[in-house]
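In Swiss-Prot this protein carries:
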type: BINDING; residues: Glu174, Arg220, His448, Arg489; note: L-aspartate binding site
type: BINDING; residues: Arg220, Asp221, Glu222, Gln229, Glu482, Gly534, Ile535, Asp536, Arg537; note: ATP binding site
type: REGION; residues: 198-201; note: region 'Aspartate'
Amino acid sequence: MRTHFCGLVDETLIGQTVTLAGWTDVARNLGGVCFIDLRDHEGIVQVTVEPVAGDDASAELFKVAASLGYEDVLQVEGVVRARHAVNDKLRSGKVEVIATRISILNKAAPLPFHAHENPGEETRLKYRYLDLRRPEMQRMQRTRIKLVQALRRHLDARDFQDIETPILTKATPEGARDFLVPARMHPGEFYALPQSPQLFKQILMVAGFDRYYQIARCFRDEALRADRQLEFTQLDMEFAFVRERDVQDFVEDMIRAIFKEVVDVDLAAQFPRMTWAEAMRRFGSDKPDLRIALELVDVAELVKASQFPVFTAAANDADGRVAALRIPGGASLSRKQIDEYAAHAAKYGAKGLAYIKLSETGEVSSPIAKFFSEESFAALLKHVGAGNGDIVFFGAGGYTKVSDFMGALRLKAGKEFDLIADGWAPLWVTDFPMFEWDEEAQRYVALHHPFTAPAVDDIADLRANARTAVSRGYDMVLNGNEIGGGSIRIHRPDMQSAVFELLGIGAEEARAKFGFLLDALNYGAPPHGGIAFGIDRIAALMAGTESIRDVIPFPKTTGAQDLMTDAPSPIAADQLAEVHVQVRPKQV
């Protein structure tokens, strides 16, 4: 139906006859001439219709051109010629196509929005097929496509084996809630959609495949936000006979090469590294954005002798923290704006937010100054590096909570005070805690997942020091986004059973849920490790968008709905009966 793509018509084709197909982006009838911007996935070319006096065929052609509306689907035949007025905004802007034939392949109904408009997100998702026609959306989807293609080429060239793992699998506790699928042939029993291929890729290592990868679809029934979807795509990788640096060095080289190939970005020749403890201490986050030149400063030793009980209680608590965040130029904040910072901190667990504000002339404004002697107050300001025109926020309380809300303030200040440097800031975060204590459940939970190996090989040591145990987990972070997470796995069945026990999973429950894994580990499992990268998140970073929904062709809303297909939707009673499911009436 076509000989060339619209966006690729150029000067080399001048004088030649071409056949094009695409959508009417714009049609302009100027009386004596019609101009049609014809669009396909490669771009736009101008089609010109010039009636010839006394020529019935050209008059009919002009009539067809004058009748065109937005997004009508056309096939156009014509001759390429040089344009009198060059359009530098188009790749085809030096030429035009003089139409000799126009066929309307399909008329478009009146549009809810035009391809060059950007309506609200609900409208975009309801008419996703129209939204995806927009040049910006085409660009972002192409970025994702190029990313996946480049990853496959890179790994295929290095003898990684692309192996599919099941979509219908066993429900196992991996952190988030499972999506369940009733098993028609086994009444009362269910499959689960995989949250990740974690256990299957480990079993592939036991099976001797050595180097595995998969562009895997994953499913987690959890609350949605700009960087999270119910179903998502990850590059899943696993290596046999490796230590942490073997995995890290390989994938660091891979990510560096992929960014260069896909978006022509040169990432650092060597990614910086820091432990989880250092990241939390300096930045209040296990995925710090190093483009923001602000750091938290511990001030517990300087406030122990103050008369401010909130500070002294935390400073004298072994599990407490008093941290300061200096914001250059922050003295410009009004009282209302300071309250907004306090409210933001409260979302992350802060019960209050103290501050010291220094005017450009050095005048102090602070609700806590009265609790310090003149000497100790001056020492505090010196320690945090405060100067005229700055504001210093203080957080006090439990170490983790203070780190969390002060880290959130750091990000907010970085954005609002334009303190985020241009460029790309990758890093490795390593040595994560093995466990964290869940107050509500009154037990340990795995910080990464239950299959991450501890840094110690001795089970007695792990049991005795579970609270402070360090794992062999690692994350790759880019501009404040965790783009990849992995670990060295447990390959000994006795260690895996011990970790289950520490997580409150008894031997009987472990056998019921993970018996297949424990059995596999008993038959000569090699040391192994791996990592998974979020394709959606990396594509969003490459495309320059904050929402992964922009790089997913058919995403869900934050309300977990597909507005285009109207999913989820009710199921007929006979279909439910076939899978032995009865739906309880909604509670009014």
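Glycine is no exception: its Cβ is also placed from the backbone N, Cα and C atoms.
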Inter-residue Cα distance where the pair is Ile535 (ATP binding site) and Arg489 (L-aspartate binding site), in Å: 22
Site diameter for ATP, Å, by largest Cα distance between Arg220, Asp221, Glu222, Gln229, Glu482, Gly534, Ile535, Asp536, Arg537: 20
Packing count at Arg489 (L-aspartate binding site) (other Cβ atoms within 10 Å of its Cβ): 23
Average pLDDT across the region 'Aspartate' (198-201), rounded to a whole number: 97
Long-range Cβ environment of Arg537 (ATP binding site), under 8 Å and at least 6 residues apart: Asp227, Asn481, Glu482, Ile483, Ile548
Densest Cβ neighbourhood among Glu222, Glu482 (binding-site residues), 10 Å radius: Glu482
